[in-house]
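According to Swiss-Prot, the protein carries these features:
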DISULFID  C49-C52  disulfide bond
DOMAIN    2-109  domain 'ERV/ALR sulfhydryl oxidase'
Amino acid sequence: MTDIDPHIWGPSFWSTYHLYASSYPIHPTPIIMDAARSFVKTIPFTLPCSSCTDHAFAYIKNIQKQDPDLISIVSSKMLFEKFFIDFHNSVNYRLGKPLLPESVARKKWRF
């Protein structure tokens with residue numbers, strides 16, 4: 001894999017993730033939950049950075065240990081939004097960046 005600097009693509013990816021979460025239905029149907037589950041599982045494959053890919057796989061796998069079907073992520077809009085905020089903050093923490101307050105995320109991406 002050719003690593004591309006996350007400063008180039010990271011902000012766009014985060015905006016995509018958070019905007020997807022902001023448009024997620026309050027009460028998703030089973031089909032929408034399946035699509036969201038697939039989206040989350042696909043995230044590591046879309047990252048053009050090997051350490052980012054490794055982190056995403058580990059983060060998602062850790063959730064799947066307790067929740068193999070990711071119900072705790074996809075069963076409601078609030079949980080889906082929270083997943084992406086928590087995921088974003090796990091990356092920020094790993095990189096020594098400031099954490100993203102939920103209130104800031106909600107204002108920026110209009111949750």
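Including glycine, each Cβ sits where the backbone N, Cα and C put it.
Counting neighbouring Cβ atoms within 10 Å of each of the disulfide-bonded residues (C49, C52), the lowest count belongs to C49.
Look at the domain 'ERV/ALR sulfhydryl oxidase' (2-109): DSSP puts its residues at 81 helix, 0 strand, 27 coil.
If you average pLDDT over the domain 'ERV/ALR sulfhydryl oxidase' (2-109) in this model, you get 96.
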